[in-house]
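Data block below; observations after.
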């Protein structure tokens with residue numbers, strides 16, 4: 001079993017005027033990686049930031065933090081090279097936005113980044129399955145992408161369970177409405193990479209929230225390995 005519990009705060013939930021120091025604060029509070037939401041106003045209604053911001057953040061926080069780019073964009077192939085040059089570590093694109101996932105996966109790998117593949121709530125997990133052995137991580141959205149603060153969609157958990165049963169060593173990420181109230185469901189289903197926005201970033205004690213999320217996931221992973 002090659003995967004481990006990793007907690008990635010969604011930095012979009014932080015004070016955007018202090019993004020560099022907020023990233024440092026999250027890492028100091030025990031985050032395993034940082035989840036950066038890129039929205040283009042086409043694939044989703046909102047607009048956030050692009051590779052120039054990522055480049056500035058990388059210079060500000062140094063080489064250590066792992067940048068997981070969640071590319072909610074309608075032309076994901078357009079930003080692979082700019083994001084790699086800016087210092088991104090993982091490029092997670094949406095299956096719904098790509099006409100040729102195979103080519104895009106190859107391009108991301110050749111640029112030196114890890115590959116993530118995301119699906120929206122309305123997309124079946126079977127559509128992701130043909131690519132699962134070619135990617136580093138599958139992201140199952142647990143809200144509709146594009147807005148923070150939405151309610152966690154528990155009915156997405158069968159997708160996570162199915163992926164875990166079919167691809168036992170795959171990193172599986174959940175994103176949207178995840179916090180102390182919903183983490184047990186995610187962990188039991190088999191998610192090991194947990195994106196949490198307001199529940200972590202908006203907390204008075206992010207360190208304890210991150211520790212709680214990680215403990216629940218780690219215990220579920222251990223239980224699964226004992227049950228096999």
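Cβ atoms here come from the backbone N, Cα and C positions, even for glycine.
Listed in TrEMBL:
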type	residues	note
BINDING	10, 70, 146, 147, 148, 149, 177, 197, 198	substrate binding site
BINDING	35, 37, 70, 175	divalent metal cation binding site
ACT_SITE	37	active site, proton acceptor
ACT_SITE	175	active site, proton donor
Most Cβ neighbours inside 10 Å, all chains, among the binding-site residues 146, 148, 177:
177
Under 8 Å between C-beta atoms and at least six apart in sequence, can you list the same-chain neighbours of residue 10 (substrate binding site), or say none if there are none?
35, 37, 148, 175, 195, 196, 197, 200, 201
To test your reading of the substrate site: which residues beyond 10, 70, 146, 147, 148, 149, 177, 197, 198, same chain only, put their Cβ within 8 Å of the Cβ centroid of those residues?
12, 13, 37, 143, 150, 175, 176
For the C-alpha pair, I'd like the distance in angstrom between residue 198 (substrate binding site) and residue 70 (divalent metal cation binding site), rounded off.
17
Given that the record lists 10, 70, 146, 147, 148, 149, 177, 197, 198 as binding substrate, what is the largest C-alpha to C-alpha distance among them, in Å?
17
CB-centroid shell, 8 A cutoff, divalent metal cation site 35, 37, 70, 175, site residues removed:
8, 10, 12, 36, 68, 92, 139, 195
Cβ packing number for residue 37 (divalent metal cation binding site), 10 Å threshold:
24
